[in-house]
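Remarks on the structure that follows.
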Amino acid sequence: MLLDLRGLTKAYPGVVANDDVSFSVGAGRIHALLGENGAGKSTLVKMIYGLVRPDAGAMQFDGADYAPASPHEARRRGVAMVFQHFSLFEALDVAENVALGMEDPPKPRQLARRIREVSEAYGLPLDPARRVGTLSAGERQRVEIIRCLLQDPKLLIMDEPTSVLTPQEVDILFRTLRQLAAEGTAILYISHKLEEIRTLCDGATILRLGKVVADCTPSERSARELAELMVGETLQVPQRQPREGGAVALELRNLSLTPRSPFGTALKEISLTLKEGEILGIGGVAGNGQDELLAALSGEAPTSPAAVQLKGAPVGQLGPDARRRRGLLTAPEERLGHAAAPDMSLTENALLTAMVRERLERRGFLRWGAAKGFAEQVIDRFDVRTPGPGVAARALSGGNLQKFVIGREILQRPEVLVVNQPTWGVDASAAAAIRQALLDLADNGTAVICISQDLDELLEISDRFAALNEGRLSAPRLAQGLTVDEIGLMMGGAHDMEAVHDAGAIHAG
Amino acid sequence: MDLGGINPAILIASLMVASTPILLAALGELVVEKSGVLNLGVEGMMITGAICGFAAAVETGSPALGFAAAAVGGAAMALVFGVLTQILLSNQVATGLALTLFGLGLSALIGQGYGGVRPPGTGKLDLGPLGDLPVLGRILFSHDPMVYLSLALVAAVWAFLRYTRAGLVLRAVGESHDAAHALGYRVIAIRLAAIAFGGACAGLGGAYLSLIRVPQWTEGMTAGAGWIALAIVVFAQWRAWGVLLGAYLFGGVTVLQLNLQAAGAAIPVELLSASPYLVTILVLVIMSSDRRRAALGAPASLGRSFHASA
């Protein structure tokens, strides 16, 4: 066995992140680590990568005792890691980013040549002089992977690598990983996308609340069985009913927008119509204009009046409160800091968006009682697990805060609701509850736009589907019967790299 | 060659002297901010350097030892800030402001008894025949060693940030401390080193004022130079050569307005005295008018506290 973990335990104040975890990975094997958020996957890989020290237990790597004190030591022993939240520096170029992740990088010119060589051998073309801030999410991940490959790792750890990739990019990644495994590299693959794990991995260890609950061969289990092992209960699948669209609720006409941040994406002539009771799913890889589209719809970034029309009235020039008053509500992607103020209580956070529609103020004075009542109503209706509305938003887990943030908008009876990444980083049961709530809302006649990178989610709830690609929106198509390949092409495919990959594979093989 | 009673050669030569204190302080702050720390205590570190350098030079009779003491004094002040903000996680803005007030008070305390004393003189660097060149000799080759040291430091900081691995790591820490930590770099140690360097530079800048430019000790003699240094870092968009340009621009306007005052120009004296600051504000506004470009130059983690999460 290449990597052997025995009884690893790590406790933080108030929570045991890993409790007596043991498993092993052989050379050339692709092993999955499965679990919900908070199951302890990240803590476990941080211990293997030397970022966190275990309280108890021992590791063996490549036939010798292994207790890395720092990532430098882990890298010297042959362990490389691709992080979930990219460990990249946007203002630096590709070569500099790669150099920062290596123990003793070669001279800049040699390094640039090596990056070109290795990236083409594995079909992941990269220009070493590009600034990382200008790269797409898929390209950024290539930077991380190349950084690992340049060190000839024996063990490659990948933490949720596919959450930001198009289906075509996922295919390319899997081919690269299989090629690596065939060359003898062991891969520890962390994900909660079960179908991927079933097709890619040789073995799997499932964690729940820090403990190993099962070791299995993923191809022999169904995705549903795996999910239930992860969650520890049976899953409710959202129910949808076929719907007839009503009158036009929202219309965008040639909406263009220059982004405010240096690495933002400009929106280019987006047009769409949305009917009452309809759910429009908008897919696309992160960084293709999702945040800008949400800002244009919420009123954070005003546009020309006619570009955004709510029930036939131009609202493009109005700010968020004026749009809320007319029934256009939004829930942005970033829970802490955008959708909710982290250090304010749930009552205060409820006030911040519901003030206008729920009449939580009178002549400039706040109606605290009514606000608390509204927050309690959200907590109650959406099963937000928290001691009460006085708790700071920061103290809630991601899934619970997301239920609160979405519930807060839904209870204001929106005419049009726009949500961005409603179930990002939310556990399976909370995600199902949120999707069901969106479906129920549409059944009652609200028009919903759901921006998401989770294609399964979009296909599950949307009536029509469109994709954002470099700030342009594809023509919406009926979601029913759409295949994953067709969606991938709508999302811009894999940026024309298919041919390169094939050529590279032949060259390397 | 005279222009309304102002000799351009002397003007340029004196602007280099006038700019050197701000140049040194701004260069130090540039490195600090590149590591992602905003130290608003430049003024306090400068004045501490000014009195430490002055006292040491007077007591030992050696200006070189004076400058060394100034660098140590400035770095020590900076490390107070470093320990408070990096290890005890205090707020950087408030701590920086407190450092300025503390430095002004501490320097007044140390400086009791040094008022009216003359420090030992710092000789010009003898560059042989170069100093005798017409015009150029006067402008470029007739200065004290610190002017050349400050110019060498600009080139060194530029090359360090651009070409060395340590410089790359420093920029990486300033860009995203979380990513740097995940890759195993010691964010806090690197930032403390940058803060100490910034303090040493500010101390040298202060000592240049008290030992060469003025030269004598007066309470509060930095008179806002530290704040100008902070503004110049922004003006320079966090680039070493930009700092040189900004410092010389500010120094140039200062010297020019003094000369205009002496030449009796028909502009109110108050307006002339205010002109270097007005020019600084004007240039800053113009520089930051393109918000996306300005954001591109600034280190992304600037001023954010780092705490290694579990």
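The backbone N, Cα and C atoms fix where each Cβ goes, and this holds for glycine too.
Pulled from TrEMBL:
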- B:6-25: transmembrane segment (TRANSMEM)
- B:37-58: transmembrane segment (TRANSMEM)
- B:64-84: transmembrane segment (TRANSMEM)
- B:96-115: transmembrane segment (TRANSMEM)
- B:135-161: transmembrane segment (TRANSMEM)
- B:188-211: transmembrane segment (TRANSMEM)
- B:217-236: transmembrane segment (TRANSMEM)
- B:243-260: transmembrane segment (TRANSMEM)
- B:266-287: transmembrane segment (TRANSMEM)
Could you give the residue numbers and ranges of same-chain residues that sit at least 6 residues beyond the transmembrane segment (B:6-25) on either side and whose C-beta is under 8 angstroms from one of its C-beta atoms? 42, 45-46, 135, 138-139, 142-144, 146-147, 150, 153-154, 201-202, 204-206, 208-209, 212-213, 222, 225-226, 228-229, 232, 243-244, 247-248, 250-252, 254-256, 259-260, 263
Counting only CB pairs under 8 A, let me know which of B:37-58, B:188-211, B:243-260 has the most with the transmembrane segment (B:64-84). B:188-211
Do at least three CB pairs under 8 A connect the transmembrane segment (B:188-211) and the transmembrane segment (B:37-58), leaving out pairs fewer than 6 apart in sequence? yes
Using Cβ atoms and a strict cutoff of less than 8 Å, what residues sit near the transmembrane segment (B:188-211) while being 6 or more residues removed from its termini? 20-25, 27-29, 31-32, 34-37, 39, 42, 45-54, 57, 63, 66-67, 69-79, 81-83, 86-87, 119, 122, 146, 153, 169-170, 173, 217, 221-222, 225-226, 229, 306
